[in-house]
Ligand SMILES: [Zn+2]
């Protein structure tokens, strides 16, 4: 028997779909819903909207188009497709096909916490009781296309495992995990005869996988919020030379270089000299210094080239390079500012780099060992961390290059004084480095993250994120997202991009945090809007107001997702409210919980 005709539905718009409406099947032609699994949609829609234009102007549709950013990628594209099945319902045989209620109910259960975390009510048009149908009524599954494409996920899928130097993510994976997770890389064995790092990263991969499957809350949270790339060996050729000699026989330097006899940690473009030159010539805010042409005329190892390519295709935030031969964590700059002299040469992010190095050293039992005769006793008084240039100065290092050419902060870890330890020592070395590695990777969530977009919700790539007092800028990735590692305290953060007015916000980073605070920026094109907004209206002191109205709604980093927040005092609206009211005449009051 044919399924029962749809009921009349009530919506905040007053007009629902009525029995008397005869739907026409047409091409959907809606950008946000272009990937639905069907070819025809019906007007009027399940919400009673009668044209494509009416749908596009609706705040329901606007919500779907920015849902990915609002929920930090969580629940998407699933939730968007569910919404599309209501806003652009499937049409066939002259009738509207409604999406399945059980799909709606599953998603509501999984996604409610993400809405709670941003103080947003569950959208009325995703009410599973109203706009959805049962299997018996002949519903369709709006996610069928996704289920087909994804296949089952497993722990291997949760890790960006790069066995050799490839670093390319498969298109499947980038669909599966939202782009707004920070990317971390750990690189071992850049010096072929310093082999402990390569073993540590294999231990780490095994540990992460098994703990994830065993349900460890810490590891599940880490892997669900972080993309971790492991490159156990950056110099497999050098390793082979050292391994042929074997543990206990390997000389101090044999196997250090690659097959072309190049030291890979001296082979990167020297942008630090360039940086010092720019700094000496006046004011400079460093940000992604380009590689000078002459670099490519010299000998560039394929391993180095592959890493540079990898860094360009993946917006890494944090990195560590694992070495051996001493026991210390060193951080940039590695090239001394004072030629011919080993001398403390900090980056503008000295404070943050120190925190990163400490995050490793402070939980490493040997690095914290107070006895003088341990390996690396030299660094005891410094807490086993040191500015690279203060130790020994060199050009062409990987860490300096990371900092000056990309948005990535990299430290160098010396795992112990034995470069090629015997097999039986490995498990102990792993036990010493397990907590430091985890603690270090978790540091990627210190600071702020967010999206820079224009008033239509379109991401702005290559926008600069400036922090007052730190003369080093971070830039946004192609999806408009950025990560800015920051030490605790108050910071003035500015987003700017060519053609847009800049937006200034004040943020406060607490001493302890599990997830980076979300700070989004909506940029207004230059030459439109009232002039007084271009400078950003200020109040006395350093309090900064959001140009879109209201006291800076991003002031405090948000609590972890899933934590319910109390209604804000004074009846002020959640941070995303100004976004909707700035671009649509319909105020979506149905998104407000209070
Ligand atoms: Zn080394």
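Backbone N, Cα and C define each Cβ position, glycine as well.
Noted in TrEMBL for the protein shown:
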- 20-142: domain 'FZ' (DOMAIN)
- 104-128: disulfide bond (DISULFID)
- 131-444: domain 'Peptidase M14' (DOMAIN)
- 414: active site, proton donor/acceptor (ACT_SITE)
- 537-572: region 'Disordered' (REGION)
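Neighbour counts of Cβ atoms within 10 Å were compared across the disulfide-bonded residues 104, 128; the minimum falls on 128. Here the residue listed as 'active site, proton donor/acceptor' is positioned 56 angstrom away from residue 128 (disulfide bond), judged by their C-alpha atoms.
According to its DSSP assignment, the residue listed as 'active site, proton donor/acceptor' is in a strand. Residue 104 (disulfide bond) carries a helical DSSP state (H, G or I). DSSP assignment over the domain 'FZ' (20-142) gives 51 helix, 17 strand, 55 coil.
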